[in-house]
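Visitor: Have a look at this one before I ask anything.
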Amino acid sequence: MPSRNSSTDAFERHSIQSSSSSLATINPGAITTSTLTLSGHTLSGDHATKTTTKETIPSTDSDFMVDFENGDPENPLNWSLAKRWMMTMVAGFIILNCTIASSIPSGVLPQIQDQFGFSREVGSLCLSLFVLGFAVGPILWGPMSEDLGRQPVSLVSLPLFVGTQVGCALSPNTASLLVFRFLGGVFGASYLTTSGGIIADMFDGELRGKALGAFTLIPFAGPSLSPLISGWMSMAGVDWQWVFWSQAIYGVVCLFLVVIAQPETYKPVLLVYKAQRKRKETGDSRWWALPERQHRRVSQRIRTILTKPFVMLATEPMLLALTIYLSFAYGIIYLLFEAYPIVFGTGHHFNAGILGLTYLPVPIGGLIACTVHLLYFNPKYIQATRSMYPLPPPAEYRLPISLYGAVLLPVSFFWFGWTSFPSVPFWIPMMAGVLLGLAVVLLYLGLYSYMFDVYATNAASALAVIVISRSLFGAVFPLFATQMYEELKPQWASTLLGVVSLFMTPVPFVLQKYGPVLRARSTSAPKKPTEYPEVIVPHSEMPKETSV
């Protein structure tokens with residue numbers, strides 16, 4: 001298999017986003033001499049055939065088909081390394097805004113409750129409804145980003161997100177606050193949906209592993225930083241409205257960065273732009289791009305979006321196990337916003353500002369996980385890709401990092417639970433957060449990568465299920481956490497969570513041992529290694545881009 005180049009993968013760049021549609025892998029170089037089937041189109045040499053569901057593309061047009069050439073500066077994969085890392089940092093900065101917003105009211109909830117007079121359960125809804133919006137948003141933003149591109153979606157959704165933060169700040173009653181919180185999650189989910197695709201658009205090979213490894217931490221760091229920010233704002237005597245005003249200002253800065261520093265990266269859209277420019281510059285209407293010849297009815301698209309992910313969930317045991325496990329791990333991050341005030345606020349009498357500091361060990365643990373991935377596990381995987389060239393390593397090579405996370409997760413709960421007595425120094429249960437953050441991010445780094453490798457062109461549908469499910473878990477867990485920790489006490493409540501996670505521990509171990517058998521039986525996973533989404537380039541042919 002030859003090394004990957006931009007003229008042979010017009011749609012092989014699979015978008016890592018929570019849309020349920022998928023892109024076909026195409027070899028444009030074969031259009032003039034072989035059969036091409038794409039979304040109902042069939043070509044064969046100079047003779048086009050047409051069936052009841054296929055549209056003929058004249059073979060004489062092949063000389064005017066637009067694609068990226070080798071080294072084409074318009075191809076995001078060929079942009080300078082500095083530009084790509086800068087855009088990665090901007091994407092991380094924007095995601096941090098959305099994830100901080102998810103739990104930003106936690107430090108000022110007592111103020112809001114005093115003003116509007118609602119119960120503690122309604123206060124929990126302020127967190128849960130935003131995360132519920134994370135489950136709804138991808139259904140809208142994923143397909144839209146495939147049709148319009150990454151940048152237009154951001155330019156539409158970010159102003160709307162800013163508007164919801166203004167709406168929260170100006171809310172005159174509980175109902176309007178809850179509505180704006182939910183809408184904030186829907187609009188904030190847009191960048192969570194498209195950011196992974198932006199990374200995949202710009203990076204290939206080992207650099208993509210580095211970028212995604214560093215990127216994984218942000219969705220977990222944001223919620224953990226929120227109580228620290230809002231807690232100290234509350235201690236400083238700032239009105240609760242300024243928590244939302246600050247998020248609105250942050251959102252305006254993000255919008256400005258998208259305009260000046262986030263050009264379009266989605267290859268199909270860039271090819272359409274290129275074809276349009278060619279037609280305008282030459283006056284020749286025969287120039288075309290492959291995406292322009294794809295036609296899918298809206299009803300068909302909606303049906304695929306709404307049904308395919310859940311059909312996969314019902315028929316794929318691997319996906320079901322991954323979805324439940326990753327959703328549980330995500331949900332416990334939001335459960336902490338109800339558990340920590342009981343353990344550290346009630347038990348150790350911490351004020352809102354100091355209470356916010358107790359969340360910091362969680363992102364610190366996540367940072368350790370990303371560092372271990374970048375310095376140890378990712379280099380080992382790259383070594384495997386080089387030794388197995390021209391075929392990519394089996395998907396199970398992604399799992400070793402998750403094995404450690406599976407073992408550490410229940411340990412972190414038992415540690416936290418049985419050191420959460422008021423008589424035990426506060427720093428001992430607080431440090432359990434390091435182990436918790438480490439375990440959760442290790443799980444996500446391994447199991448997410450495994451899922452993408454297993455399902456290849458169906459990975460977007462698989463990811464849609466996981467994103468929706470984990471957001472539902474994140475929305476529901478805070479609703480029962482307070483009652484659970486008050487009724488069972490922190491010791492037994494944490495033990496219960498530890499036992500549940502202990503029952504899930506075998507998941508990555510079973511996948512590592514029986515994964516090849518399960519993949520062979522799967523109706524959604526590719527059967528041949530060459531169908532995997534990444535074509536591995538040998539070390540001698542890899543671009544000399546190794547600096548982070």
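Any Cβ shown, glycine's included, is placed from N, Cα and C.
Annotations per TrEMBL:
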- 85-516: domain 'Major facilitator superfamily (MFS) profile' (DOMAIN)
- 1-23: region 'Disordered' (REGION)
- 42-61: region 'Disordered' (REGION)
- 85-102: transmembrane segment (TRANSMEM)
- 122-141: transmembrane segment (TRANSMEM)
- 178-199: transmembrane segment (TRANSMEM)
- 211-230: transmembrane segment (TRANSMEM)
- 242-261: transmembrane segment (TRANSMEM)
- 318-337: transmembrane segment (TRANSMEM)
- 357-377: transmembrane segment (TRANSMEM)
- 397-418: transmembrane segment (TRANSMEM)
- 424-447: transmembrane segment (TRANSMEM)
- 459-480: transmembrane segment (TRANSMEM)
- 492-511: transmembrane segment (TRANSMEM)
Visitor: Flag the pair the transmembrane segment (178-199) / the transmembrane segment (85-102) as in contact if three or more Cβ pairs fall under 8 Å (sequence separation 6 or more).
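Guide: Contact confirmed: at least 3 Cβ pairs fall under 8 Å.
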Visitor: With a cut-off of 8 Å between Cβ atoms, can you find at least three pairs linking the transmembrane segment (85-102) to the transmembrane segment (211-230)? Only pairs 6 or more residues apart in sequence count.
Guide: yes
Visitor: Can you tell me which of 122-141, 242-261, 397-418, 459-480, 492-511 gets the most C-beta pairs within less than 8 Å of the transmembrane segment (357-377)?
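Guide: It is 397-418, which has the most Cβ pairs under 8 Å.
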Visitor: Considering only Cβ pairs under 8 Å, which range in 122-141, 397-418, 424-447, 492-511 makes the most contacts with the transmembrane segment (211-230)?
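Guide: It is 424-447 that shares the most Cβ pairs under 8 Å with the transmembrane segment (211-230).
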Visitor: Using a threshold of three or more Cβ pairs below 8 Å, and leaving out pairs closer than 6 in sequence, do the transmembrane segment (397-418) and the transmembrane segment (459-480) count as in contact?
Guide: no
Visitor: Ranking 242-261, 318-337, 424-447, 492-511 by Cβ pairs under 8 Å to the transmembrane segment (122-141), which is first?
Guide: 318-337
Visitor: Against which stretches of its own chain does the transmembrane segment (318-337) lie, if we need a Cβ under 8 Å and a gap of at least six residues from its ends?
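Guide: The answer is 102-103, 106, 127-128, 131, 220, 223-224, 227, 312, 359, 362, 409, 433, 436, 439-440, 443-444, 447-448, 450-451, 454-455, 462, 465-466, 469-478, 481, 497, 500-501, 504, 507, 510-511, 515, 518-519, 522, 524-525.
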Visitor: Please work out the mean pLDDT for the residues of the domain 'Major facilitator superfamily (MFS) profile' (85-516).
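Guide: Over the domain 'Major facilitator superfamily (MFS) profile' (85-516), the predicted model scores a mean pLDDT of 89.
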